[in-house]
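Input: a single structure, listed below in structure tokens.
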Amino acid sequence: MDSIILKNHQKKPIEFMKNNRGVILYHSTGAGKTLTAIYSVYQFDYPIIIIGPKSSKKAFTDNIEKAGMDISRFTFYTYTKIKMILESDITIFKNMSVIVDEAHSLRNENMYNLYISSALMLASKIILLTATPVVNYFNDLAVLVNIVRGEDSLPTERALFDQMFYDEETMTLINAPILFNKLLNTISYYKIIDTINYPTSESHIKQVEMDHLQIDEYKYYIKQILYSNENVPDNVDIFNINYGLLPSKKRNFFLNVTRQLSNVAKIADTSPKIEDIMKYIISGPYPIVIYSNFLKSGIYTLAVRLEKENISYKIISGFVSQDKLNMIVNNYNNGLFKVLLISSAGSESLDLKNTHQVHIMEPHWNESKIIQVIGRSIRYGSHISLPQNERKVDIYRWISIFPNQYRNISADEYLTTLSQRKMELWNKYNQIVIDASIENNYFAK
């Protein structure tokens, strides 16, 4: 094999795997998880299966070749493909080493994910890669811990997990010592603190007042969803919404549609938010990444404006083939176009270079998703070809608010606050994860 110099945070999980069945590789985006994973399993004689989104195949192939490894020992399957195979062969992982990229995708225990989780119990060695082990709920991590342990160590049902470890009324964690013991030595944790090889970044919160078309559509959804199309008394301030008191199903549906209109009204082709984003795009510097959870009311709307301004761009979404995705990323990294528009489905496993601006068009339910998106542009060596004074990424988070006369909280503002509160709680939970990691126990001096 070629003499790749592994970093200390990569050597520890590789060493850990010599005497253990598996580990969750919870390392920052851009920390070299792919390389760590392939070295961790290549030291054994088992054939190696890699499972991941189609966008991660090239990164694995490139790293395997860079390391001078025998690529014939590796077989790559997308999540979709492995689910099809498991329908006829549940023992495919027996006597195999398995790497699962973006392993948080297994958090939802639907039928196909249960197939994968159950089948992975037969693997001889297992490495689960994720920069975001908790996406929506704390029990997301339980599925991964159980796979690594090869047994049901933690409850995966959300209600039971919360009953054991989370007090919803006070938003505090409980039974921390029990949780610590369940997590002990199942996770390798590493957070990037390198200030030399990574670009600096600065975040900017940009609030934009909605126009009258957005306000009218907002009223429509309030009446249709929250009041079920019943007549609303004239003296009721329909914009005064206590989101926390709404039934969860109704609240989630309402927030989903209002997040979309916060970008642009259905009957419009632009909005104050779109126009303000365009000002930053036109001014540069390039290249620029734009993220939206929505296609029609986000990515596509902005693409039309870019066309009108004759600004070069490409789109990465769930509809883009692997070959085309690789070509787009390569062209972006070589400065062949100015703006990259990415959707939620297209945001995983991208390795972007020299990005100067990242725009988050609307808030997300969970801060971890946004952190993951930003991490695609802030990576080890991502700006190394630029002069030192140009190695900076400006991050713009866009929030639509009501005009002053309404004095109410918009859906964007509510989601931003909710995401921040969940992040504060997650930080406490995350500290338990860190304390239980192999770095603080198995390798503790």
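From the backbone N, Cα and C atoms, a Cβ is placed for every residue, glycine too.
Record features, source Swiss-Prot:
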BINDING   His27, Ser28, Thr29, Gly30, Ala31, Gly32, Lys33, Thr34  ATP binding site
DOMAIN    14-151  domain 'Helicase ATP-binding'
DOMAIN    273-442  domain 'Helicase C-terminal'
MOTIF     101-104  motif 'DEAH box'
Tally the residues of the domain 'Helicase ATP-binding' (14-151) by DSSP class, grouping H, G and I as helix, E and B as strand, and everything else as coil. 61 helix, 28 strand, 49 coil
Output field, ATP shell: CB within 8 Å of site CB centroid, site His27, Ser28, Thr29, Gly30, Ala31, Gly32, Lys33, Thr34 dropped: Thr36, Ala131, Tyr190, Ile192, Arg379, Tyr380
Mean pLDDT across the motif 'DEAH box' (101-104) comes out at 94
I want to check the contact list for Lys33 (ATP binding site): same chain, sequence separation of six or more, C-beta distance under 8 angstroms. What comes out? Leu25, His27, Asp101, Leu129, Ala131
